[in-house]
Amino acid sequence: METENYTRVTEFVLTGLSQTREVQLVLFVIFLSFYMIILPGNVLIIFTIRYDTHLTSPMYFLLANLAFLDIWYSSITAPKMLVDFFAERKIISFGGCIAQLFFLHFVGASEMFLLTVMAFDRYAAICRPLHYVTIMNRRLCCVLVACSWLGGLVHSIIQVALIIRLPFCGPNELDSYFCDITQVVRIACANTFPEELVMIFSSGLISVVCFVALLLSYAFLLAMLKKHSGSGKSTNRATSTCYSHMTIVVLMFGPSIYIYARPFDAFSLDKIVSVFHTVIFPLLNPIIYTLRNKEVKTAMRKMANKYILCKEK
């Protein structure tokens, strides 16, 4: 290919979610509301776990890390999308596109690995209750969280390394509201089959394997809890926690599998699934954990009474 005859692409044009002005304004209000709930909700979870002396178990430490990742994850695409609702031409530079892609996969993969760590934490709590404190000590928790971040970093570097080596010399329009490998690969001026194969393996196959493994592990834990259903409040609390984790696993891995575990061809549901994956999912995490966790709800109520309503216990 005589790529020197082409002008290298320096920016991408995003089509956005809609071309109709009225629809864009409605979407702006909806997604701004989502974003304004995600940030305070996750910050409140982190603040509550950090300062409540009763929420010191490893599960809450991991939950605070998940909330932190959700804040970051929702901030990668949402601010740019909200600004673009008022832009005539939705443009993102090549460097900005690569940065968005990098952080999206970095934080997204880190969340997936962290959910795996949280499943291990529940296994230790339910199957090894007498040794739980020894197994899930603070040092191991920090190491597992660091490994989750490191795994996400390695995964993201692989995606970016595959993208930046592709030639972009002609089309520069992405049929989306953000940059991701599935859209960027389609407009490359080269045969991208080998790169797609590696990306599907690194993103899609890993998502499928982790998803199936997590569902099986939680199914096993729930079966164990059924045998001890007469143990009382602690068993009910553990069961509720497992159901919460399973819900988050399905919401996180489902869209990811749909997007990355198939050839990168365009489908009509792509934008809808992407919106759910990048904007709505981070909102559901704090809602699900708050509604299904009595300890967190009680701690939040106490903090509200103390710092907002100025009521001492």
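Just so it is clear, glycine is given a Cβ too, placed from its N, Cα and C backbone atoms.
Annotation source TrEMBL lists transmembrane segment at 25-47, 59-78, 98-120, 140-164, 200-221, 242-260, 272-291. As annotated by TrEMBL, domain 'G-protein coupled receptors family 1 profile' applies to 41-289.
At the 8 Å Cβ cutoff, the transmembrane segment (140-164) and the transmembrane segment (59-78) share at least 3 close pairs (sequence separation 6 or more) and count as touching. Sequence-remote contacts of a segment are chain residues at least 6 beyond its ends whose Cβ falls under 8 Å from one of its Cβ atoms, and for the transmembrane segment (200-221) they are 105, 112, 115-116, 119, 122-123, 126-127, 155, 158-159, 181, 242, 245-246, 249-250, 253-254, 256-257, 260-263. The transmembrane segment (242-260) shares more Cβ pairs under 8 Å with 98-120 than with any other stretch in the list 25-47, 59-78, 98-120. Using a Cβ-Cβ cut-off under 8 Å and counting only residues 6 or more beyond its ends in the same chain, the transmembrane segment (98-120) has close neighbours at 59, 62-63, 65-66, 69-70, 72-73, 76-77, 80, 92, 144-145, 147-149, 151-153, 155-157, 159-160, 163-164, 178-181, 184, 203, 206-207, 210, 213-214, 217-218, 245, 248-249, 252-253, 256, 278. Across the residues of the domain 'G-protein coupled receptors family 1 profile' (41-289), the predicted structure has a mean pLDDT of 88.
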